[in-house]
Amino acid sequence: MSDLLLPPELRYADIIEKRKNEDGSELSILNLGPTHPATHGIFQNILLMDGERIVEGEGTVGYIHRAFEKIAENRPFYQITPLTDRMNYCSSPINNMGWWMTLEKALNIEVPKRAQYLRVIVMELARIADHIICNSVLGVDTGALTGFLYVFQYREKIYEIYEEICGARLTTNMGRIGGFERDWSPLAFEKLNILLEEFPPIWQEFENLLARNRIFMDRTIDVGPISAEKAISYGFTGPNLRAAGVDYDIRVMQPYSSYEDFEFDIPVGKSGDTYDRFCVRNAEVWESLKIIKQALAKLPEGPYHADVPDYYLPPKDEVYHNMEALIYHFKIVMGEVPVPVTEVYHPVEGGNGELGFYLVTNGSRTPYRLHFRRPCFIYYQAFNEMVKGQMLSDAIATLSSLNVIAGELDA
Amino acid sequence: MSDSKIITNAPAPEGIQGEGFFAGKLSDVVGMARANSLWPLPFATSCCGIEFMATMASHYDVARFGSERMSFSPRQADMLLVMGTIAKKMAPILRQVYEQMAEPRWVISVGACACSGGIFDTYSVLQGIDKIIPVDVYVPGCPPRPEQILDGIMRLQDLVRSESVRRRSSPEYTELLASYNIK
Amino acid sequence: MALETTTIQRSLNDHFESAVSDFQQIHDILTFEVDSEQIAKVMTFLRDDATLRFNFLTDLCGMHFPDADPSRQFSVVYHMHNWVDNVRIRIKCFLPAENPTIDTVSNIFLSANWQERETYDFYGIIFKGHPQLKRILNMDEMTSFPMRKEFPLEDGGRTDKDDRFFGRTTDNR
């Protein structure tokens, strides 16, 4: 049996036995998690410590494994959206839209421009909400609670916009195959305009509070760095990869939902450390605001969903009064819709990287196999290597800046 | 907002009041004190944890209800808030956290997953935390809105306020714990 | 697109002959099958070749086909991505029902490490040469492989939900 298959505490006990420091001090084992408050989510890391310094570590995940992929194999297509919500719950709309776009690709459905633009707006809002959490909590972990309390007010405002669009705050279950379930209300646009007006100065203030703050800089610069080559090999995507200096962004590489219509920059960092990740996310919020403004200005009139009666639930009013609509309603709800035998992979730029959906269908009402490419799961494996040789408190800041979401990690 | 009145003190419990004295039941006073200073232990695992973050942030501000101090150590906490899915792999840990809490302790199960497993009726998810620890208040929702979480905390305060000081040493309570195999 | 799919196909056919087969374009991704013995070699070639340059392993997952021929009941699906020319490919390897074993690619792409552990955890596919092949999401004590089709979604031992009241059987069919 290979050494690595042993539980880490046994392996480390051996190392402690063998290795004594010159001054007579010993190494020790520290169990970080799974309920540690600073880990934001439930990850366990068993660390071999030399005083305050991490010698080695091993992570255990799966504490919130909910068997998404197994459930997906047993549910009709439209019932899978609630699962995607609960994957990266900080930015549910991106997951929802990614899933609808995957289905639309499999079913060859063309989505009208208006719906595409609305999707872009809501996805960028979700990105802002995601980055607000990540960056403000990074502030909390380095000892600045104020920023968190301050910007969370505006996260609430984003939630209010979601509520206007779909009625839910966090797990949105938004949209339909081919577009949205209803057009956005004027109030949604009004709230969006208020947000666009009020949020930038707040975010600027938040940035001023931390970005050139000596304490914050000392706590984050050169903490948990990763080189670009390592990051690519470890499968990093999203802001964490961009912080290492690689300008890989699905929105530009493979534009979906009309991202090619908008002008925006991809912020990149240099050293891939915690500070760079913070700055990249900050800058991305500005880019997202830019995209939303452009999308609002260019928002075309027209239908908000594709004309696909086979897949798009008819309006309730028609279901009650119209035979055709009732039949379609039944067929869709019971999952008796024609599905071609095919396989698709569709990536979207999620809050923390390339969120991919690999869907294999066999013509039945449920997917034959649905695999989620969950960015957190893939890049979290680099964590223990990134914090090797660092202080324990740096490990917390690194974990926080990687924005690992337990729900996405454990599926 | 000029006509809103800020109430700073809780209503006095039942008793006889006069010039310079107040006579009432000890359990009422203890209950009142306990109810207004519940120290929460947030055991957040998933989506509901994010809603709890909203609850404790500025907009909803759970501190207004006497839960100012988040206690991340189970030993100094009164109220265990279990938020999110508890997988079977996590169950022994939740139980250990509960066992580490000192009496009196209360549990709020926040969200459908913690109450019943929610939509995750799967091989890996514990179908409700009441399988392993006793629960005082269930908050439904997937996830519940912050208002609902606050409401759950207020319902718990009602329970705490009316709880007898002797309850924790009563045979019924011992029996309840024994049924969960908790010492 | 600078890198044509025909170039990929020709180059692979030249190097690996019959080990690569069944090329088809499914939606936007070129899909082909690789002999499971050769996967590590093919992947190294795809990564290091000067024209192909598939520098990124996007995704790795398993699949189970209980109704297929016993020699092709499991498959491992790899998605690779060339960032320079922005081309994606999908590689499939089929494995037998008895003792599904394939070479690890975790020494070629570090990101494969946990993804292979996950695939092992779900399907029981053994990745030869993997440094730490143990369960990752499920409990170590678990003996079955939950993503195999015969494994029921719901826990058979649960008592809170009586299937009779939901009008269904445990495997929800």
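Positions of Cβ are set from backbone N, Cα and C atoms, glycine also.
Features as listed in TrEMBL:
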- B:Cys47, B:Cys48, B:Cys113, B:Cys142: [4Fe-4S] cluster binding site (BINDING)
- B:47-156: domain 'NADH:ubiquinone oxidoreductase-like 20kDa subunit' (DOMAIN)
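Mapped onto this structure are the features recorded in TrEMBL.
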{"residue": "B:Cys47", "record": "[4Fe-4S] cluster binding site", "DSSP (3 states)": "helix"}
{"residue": "B:Cys113", "record": "[4Fe-4S] cluster binding site", "DSSP (3 states)": "helix"}
{"residue": "B:Cys142", "record": "[4Fe-4S] cluster binding site", "DSSP (3 states)": "coil"}
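Working note on the binding-site residues B:Cys47, B:Cys142: by count of other C-beta atoms within 10 Å of each C-beta, B:Cys47 ranks first. Long-range C-beta contacts of B:Cys113 ([4Fe-4S] cluster binding site), restricted to its own chain and to partners at least six residues apart, with a cutoff below 8 Å, comprise B:Ser46, B:Cys48, B:Gly84, B:Thr85, B:Ile86, B:Ile119, B:Phe120, B:Val125, B:Cys142.
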